[in-house]
Amino acid sequence: MFRTAYKTMNQSMVQKFIAGGVGVTGLTASYLLYQDSMTADAMTAAEHGLHPPAYNWPHNGMFETFDHASIRRGFQVYREVCAACHSLDRIAWRNLVGVSHTTSEAKAMAEELEYDDEPDDEGKPRKRPGKLADYIPGPYENEQAARAANQGAYPPDLSLIVKARHGGSDYIFSLLTGYPDEPPAGVVLPEGSNYNPYFPGGAIAMGRVLFDDLVEYEDGTPATTSQMAKDVSTFLNWASEPEHDDRKKWGLKALVVLSSLYLLSIWVKRFKWTPIKNRKFRFDPPKK
């Protein structure tokens, strides 16, 4: 009997020892994984770019629309600065009508450019002035020409750039205004690169492009670096979502109509069911 009790006690001690060892091992592994994750998080800002601050854009409100004067100024910045390297393939001249320009203004800008036309009777290619239906042309014929002109870097199309980047307009504004005079100490950049903390990795082929008074706004707005960055960010946000204003207008209309129908349904329900729910029955037992 004593032998059996001693054997049982030894088995219990072994089980407790194994359980304690497993617990210590698990805690140690968890601590090491936590330290490794902290190291990875510390590298995130350098590897993935500094997170841009959240700016109070006027069009971010639930019932707010774009600042169309800012869209017009932003298109001017794009046309005079950004269009030298970046395309806007998804935007046609007609998209500007009623948003930032009149029909005659958009048509005049389109006619300044030449587009490929149908060949003549002899099969030779012809050129024609642009029309409102034409899309805004890019600066390069193809990707190879773009890379050759930019030391191997390929300038992205800006039609959907706001939707394609985490942070949207905040990222675009921060990137355009985030170039320091000198890179931080210890940062080594590849040849032909520039330092920008908001760009993943910090090394970006595009140098600073916005400087005070670089463009002359038609409405007399001071063309500071931050103002130009704000306007072109607003324009690119509109370019990535041209239906933004109409969507909010239709959403407001739908909200009003559905709310009215909901209130009407409550009234109908009460009108139809109140007599039924308040109906009382009287039971008269049969007389014997």
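Every residue, even glycine, has its Cβ placed from backbone N, Cα and C.
Annotated transmembrane segment per Swiss-Prot: 12-34, 250-268, in sequence order, evidence recorded as sequence analysis. According to Swiss-Prot, the domain 'Cytochrome c' annotation covers 69-222, on the basis of sequence analysis. According to Swiss-Prot, the heme c binding site annotation covers C82, C85, H86. Look at Swiss-Prot and you will find 111-121 tagged as compositional bias 'Acidic residues'.
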Cβ-centroid neighbours of heme c site C82, C85, H86, 8 Å, sequence order: Y78, V81, A83, A84, S87, P139, P155, L158
Which of C82, C85, all binding-site residues, has a Cβ with the fewest other Cβ atoms inside 10 Å: C85
Other C-beta atoms that fall within 10 angstroms of the C-beta of H86 (heme c binding site): 20
